[in-house]
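One structure below.
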Amino acid sequence: MVSLTKRCIAEFIGTFFLVFFGAGAAAITLMIASGGTAPNPFNIGIGLLGGLGDWVAIGLAFGFAIAASIYALGNISGCHINPAVTIGLWSVKKFPGRDVVPYIIAQLLGAAFASFIFLQCAGITAATIGGLGATAPFPGIGYWQAMLAETVGTFLLMITIMGIAVDERAPKGFAGIIIGLTVAGIITTIGNITGSSLNPARTFGPYLNDMVFAGTNLWNYFPIYVIGPVVGAVLAALTYQYLTSE
């Protein structure tokens, strides 16, 4: 049995991986689209397919980060890298209650540190223009619409996790790529509604660093990205448990 300390370190690293590459890709896309980076030949493809093309690219960045994290760290901590997933697994007794808070703390710290390091790499415009990839409802999207989108998106993610990673009958070795592609698809679908967080930690890291370094306060939206994902994950876990019970 891997110690709790080692598992929490793995969760920290995995969530760092997710936010640095995923939210970082979102920030860079915004920076390039708004002229926040110097023109160069490598920028030419950005926006070539319009907004949808950018969401596909961002979704794939998240998807590859998740897949890599699962394959690298899954055997250590289970690679939740998401407080909603941790709570969802706990709700169906697939994760011990005593480890829930340490896991969530590790995930939040990993996300915050990832945003901080990305800011140091990309410069202050990553926060002032790119928002460090922070999520927020898009214009015309109401608070409850956004929460519903996050709930549905996380439900789909969690039902996939239950089927491909938690269920012992699932084929081995496919969890990383299937979960990663699922996240990429969900981001492409609801990205232009909520920014598609599906993960309280993924939103927490950019919010904290945006507030500290850019003076941007988005915390009024934070409940969307906590309540929506947690409700979606718990409902999915309970639904899967019901569907597979004898």
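Backbone N, Cα and C define each Cβ position, glycine as well.
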Do Arg169 and Asp210 sit on the same side of the membrane in Swiss-Prot? no
Do at least three CB pairs under 8 A connect the transmembrane segment (218-238) and the transmembrane segment (104-124), leaving out pairs fewer than 6 apart in sequence? no
Model confidence over the topological domain 'Extracellular' (33-45), averaged pLDDT: 52
Outside the transmembrane segment (218-238), six or more residues from its ends: residues with CB under 8 Å to it: 82-85, 87-89, 91-92, 94, 134-137, 143, 146-159, 162, 194, 197-200, 202-204, 207, 210-211
Leading stretch by Cβ pairs under 8 Å, where the reference is the transmembrane segment (146-166) and the options are 12-32, 70-90, 173-193: 173-193
